[in-house]
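What follows is one structure encoded as structure tokens, with my remarks underneath.
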Amino acid sequence: MVGTDDDDDIWQPESEAPKKAKAGPSTNKKRTSKKSGSKRNSSSSSTMSTIAAEYMTDIKQTFERFDTENKGRIETKQLKFAMRALGFEPKKEEIKRLTDEFDKDGFIENHDFVQLMTKRFTEKNVNEEIMKAFQLFDNEHSGKITFDDLKRVSNELGEKITDDELMEMIDEADLDGDKAVDCQEFLRIMKKTCLY
């Protein structure tokens, strides 16, 4: 297979691609995208482009390893193993959902696999960034953001936010009623408000 003009620098022909599966994404620094040095835009399309450029070689090479007949598709039963080769541990329910979504004839097509894995890498990257932000608030490393944590960060940033407004923020994110925000609640509210 030959890549398009847009991805010639990251697409490796099948004849040159190794057939042995690796444990996870490549760490080859020579293939980093030109965008890697620039400040990332937090919009979804920019994140998708950055992830796509960073991991496209790994995604395509992994697909080729499992496409043993070079027909541009892999058997659906190989999806779990292909995802594992890229460093993911899909659960049975996820494999079933993906199979229902993408499997039309016992196979997953190349473009569907690339779309699926690009989305997975994007989600993984966004979640990691949100968790870094969570850790900035969670000064005590308690696994929760309290009113005091929120007030401290607000003061450090020079924001003029009243105690009532800070408490409203906690209440908005707090699902279990403990007057604090754990990492899952933080992840949910950050995605809900489209801050990442």
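Heads up, the Cβ atoms here are built off N, Cα and C, so glycines get one too.
Small disclaimer: the values here were computed from a predicted structure and weren't measured.
TrEMBL has this to say about the protein:
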- 1-11: compositional bias 'Acidic residues' (COMPBIAS)
- 1-48: region 'Disordered' (REGION)
- 28-38: compositional bias 'Basic residues' (COMPBIAS)
- 39-48: compositional bias 'Low complexity' (COMPBIAS)
- 54-89: domain 'EF-hand' (DOMAIN)
- 125-160: domain 'EF-hand' (DOMAIN)
- 161-196: domain 'EF-hand' (DOMAIN)
Distant-in-sequence neighbours of the domain 'EF-hand' (161-196), which means Cβ under 8 A and at least six residues beyond its ends: 42, 126-127, 129-131, 133-134, 137, 143-147, 150-151, 154
Summary of DSSP states over the domain 'EF-hand' (125-160), given as helix, strand and coil counts: 23 helix, 2 strand, 11 coil
Secondary structure content of the domain 'EF-hand' (54-89), with strand meaning DSSP E or B: 23 helix, 3 strand, 10 coil
Residues of the domain 'EF-hand' (161-196) by DSSP state, where helix covers H, G and I: 21 helix, 2 strand, 13 coil
